[in-house]
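Written below as structure tokens is the structure these notes are about.
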Amino acid sequence: RNFANDATFDIKKCDVHRLEEGPPTTAVLTREEGLKYYKIMQTVRRMELKADQLYKQKIIRGFCHLYDGQEACCMGLEAGINPTDHVITAYRAHGFTYTRGLPVREILAELTGRRGGCAKGKGGSMHMYAKNFYGGNGIVGAQVPLGVGIALACKYNEKDEICLTLYGDGAANQGQIFEAYNMAALWKLPCIFICENNRYGMGTSVERAAASTDYYKRGDFIPGIMVDGMDVLCVREATKFAAAYCRSGKGPMLMELQTYRYHGHSMSDPGVSYRTREEIQEVRSKSDPIMLLKDRMVNNNLASIEELKEIDVEVRKEIEDAAQFATADPEPPLEELGYHIYSRDPPFEVRGANQWIKYKSVS
């Protein structure tokens, strides 16, 4: 069967703040890109559903915040930047850890606290890191000043790199975010502030938490755009637009991605006490990011349903194998508790004794 090489799609116009014009309202998707995006988004979705299952079996313990429903955000952002650019986010970090290049098995093994995990089983759900990905961060909003620091480093070192600094609609009300806006604007830092607005901060809807829910205007003197966070192409085009702005030396930009999480805030939240099952169902049936991409591809002869089903089978197998690894891999031994605290073995002595000898550095 002859497939089309690419297709052009109309995408939702972004609302803008302090800008003459926003990102384009059309996007070209090649067949190759479409298949890649589909596979990555489907992998994130299945990985999160597997994490849900392992949590309910008490194999994953502690904090666990799932990303299903928001796959268009991590995929679209990654598609709009370079691998050498930087990303930092809050604790809903599994999707970004994957799009930044880590294999599923290392992510699931981190969730189960095993040696093969990306942080050697010591970080868990909220503390995963990859190349140029500065992780999940457990404190609400605390990653935003860090992201501005990364952008400062990019500028200071005269690198043509930018930092995507993510936070949620709940964290948007944190004072430190406004302090970070000010510094980024003052020093014209290459930072894109990205508010993933999934409508609820824990159990509080945006209307109950914010006097103004136009998060993209919150930067006041920083230009902002409001983006459909359920459409991977919309997110990609907006990211390219914001990245070009930041790279040109004009300073920061704010992006609000309007998205939705299918799970509760964390695994301890069933997610239905402050919103109705019907609301979740409606989003799933009308604006699911994976369904939207799939329909576009099938209806525009970029892929066949059979081909996408084959990808689904591949993804499921990859997730099953990863889960197998994450449950069979050994836990780190107790004596490694103090390892990896210092990047190099500390040489200094206190009162003639080296207290740190037991905290070896690299494994």
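Placed from the backbone N, Cα and C atoms, the Cβ positions cover glycine too.
Among ASP169, ASP220, ASP228, only ASP169 appears in Swiss-Prot as part of the Mg(2+) site alongside ASN198, TYR200. Looking only at the recorded positions GLY138, SER205, LYS250, SER268, the one with its C-alpha closest to TYR274 (phosphotyrosine) is SER205. Around the Cβ of TYR91 (thiamine diphosphate binding site), the number of neighbouring Cβ atoms within 10 Å comes to 22. In this view, ASP169 (pyruvate binding site) is surrounded by 23 other Cβ atoms within 10 Å of its Cβ, with every protein chain counted. Of all the modified residues in the record (SER205, LYS217, LYS286), the one with the smallest CA separation from LYS250 (N6-succinyllysine) is LYS217. In this view, GLY138 (pyruvate binding site) is surrounded by 16 other Cβ atoms within 10 Å of its Cβ, with every protein chain counted.
Using Cα positions, the member of the recorded positions ARG92, ASP169, SER205, LYS240 nearest to LYS217 (N6-succinyllysine) is identified as ASP169. The modified residues examined here are LYS250, LYS294; by Cβ neighbour count within 10 Å, the least packed of them is LYS250.
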